[in-house]
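According to TrEMBL, the compositional bias 'Basic and acidic residues' annotation covers 17-53, 61-84, 131-145. TrEMBL lists 152-162 with the feature compositional bias 'Acidic residues'. According to TrEMBL, the feature region 'Disordered' maps to 1-89, 127-170.
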Amino acid sequence: QKEESSTSEQNTVPQHRFAEKVEEVKELEEKVSTLEKDAPGKLTPEQEKEQQAKEYLTGLMKEELDKRDTAKKEADTVEERKFNQDVQDALDENQDAKKADFLKFVEEQGDNFTSVKSAMSFYKQLGSTAKDAKAEGQEEERSKPDLPSSEGETEEITEAPEEDKNKSFRQVIAEAMRGAVGKSE
């Protein structure tokens, strides 16, 4: 029993220490409530400087991003104009090329070329290869002989004759054989 009472004494907080802590908590709560009442939304000078610095940096970043966006848009516009002019020059040099077909070709295969001129030369090569292949195919087709026409007499029978309608296939064959044997004799 002595051991139990000594451990319970060790686990308890002295009354005067507990009272000190309670008093400290009350003082801190009063300070917080006083600060909240006296300066709601008011910042300390250090916090004001920090907020001003943030606003200044935000403004600078916005300006810089706007400058970058404007420069990028201008560069894209200049690049697009140059591309359109290069396409028009290439089409002027090659009157037989159709603009819509060439632009479709450039859109599909454009990553393989460094300039519009190289794309046009490849486009022309593809076009001439296709024309050559078509011409060869037509020439080959013309050089093949036509199939001979049938020399024997053929009758187109669309419907069975009236006399054969109620007969079986064997009966019709037997009559045809008798008729063929009779004609050959």
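Backbone N, Cα and C atoms are what each Cβ position is placed from, and that goes for glycine too.
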Note to self: Give the nonlocal contacts of the compositional bias 'Basic and acidic residues' (61-84) in its own chain as ranges (CB under 8 Å, at least six residues past its ends).
What the structure shows: 116
Notebook entry, point to check: DSSP helix, strand and coil counts for the region 'Disordered' (1-89)?
Noted result: 79 helix, 0 strand, 10 coil
